[in-house]
């Protein structure tokens, strides 16, 4: 039993989505940990708002020529992408630290099962990330569909639920962090948009960034998800020990994200080939 499952009130889930999903398991957090998680989520929301305002101010000063020509909704998206870039850098660094540098999730480093391991730092990082997804989803819905269509709503919705369940149960944080590391491709996606609206679509930077996005996506959103399922397979004896809600989310959410990643990878590959081909033709002309 994880440390989040000690004390507090007992929440019993029975007959969940029918008898196949039925279980009797407690997902409990102590009051102090609940307050800490809420504080980290609130901190994530505040950070997002600060980054949004900072992006507007800095962009008007540093990129006034391009930023000043944008429409109102384009300026909102410009600043919104500043938030997603900040979040991507934050969760990429945090995930890399917890998964590679720290020993918290290394095999044999602790007595607890790897799927039950968590810490104050991991809870804080996940809470801040949850705050970002809440903020960004609200903006997407408020300006729908200007900042993203239904696929973004689906992506953010399942991401929020997965992080929330992991925080409340204290389980499967190792897999949540693996998935969050895939956000490392976001800065390249945003740079591509910035260069496009800035009239630099034919620049060398745009081409180089496109190639970097293709390779980054291949590693962080294709190969990493393959490793994700491989890791679950070799640790399946531990995976079976998680509460039922986490168990089914661990299979459903990554599967949905994998299909979305493959679809987007196909579009990225097509765009890269088109850009490189166009650049070659322009150079010959």
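Placement of Cβ uses the backbone N, Cα and C atoms for every residue, glycine included.
Keep in mind that TrEMBL annotations are predicted by a computer and have not been checked by a curator.
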Feature transmembrane segment in TrEMBL, mapped to one of the ranges 157-181, 182-206: 157-181
Stretch of maximal Cβ-Cβ contact with the transmembrane segment (125-145) [cut-off: under 8 Å; candidates 35-63, 83-105, 211-233, 245-266]: 35-63
Close approaches to the transmembrane segment (245-266) from elsewhere in its chain (Cβ under 8 angstroms; 6 or more beyond its ends): 13, 16, 21, 25, 27, 151, 154-155, 158-159, 161-162, 165-166, 169, 171-172, 175, 179, 182, 217-218, 221-222, 225, 228-229, 232, 239
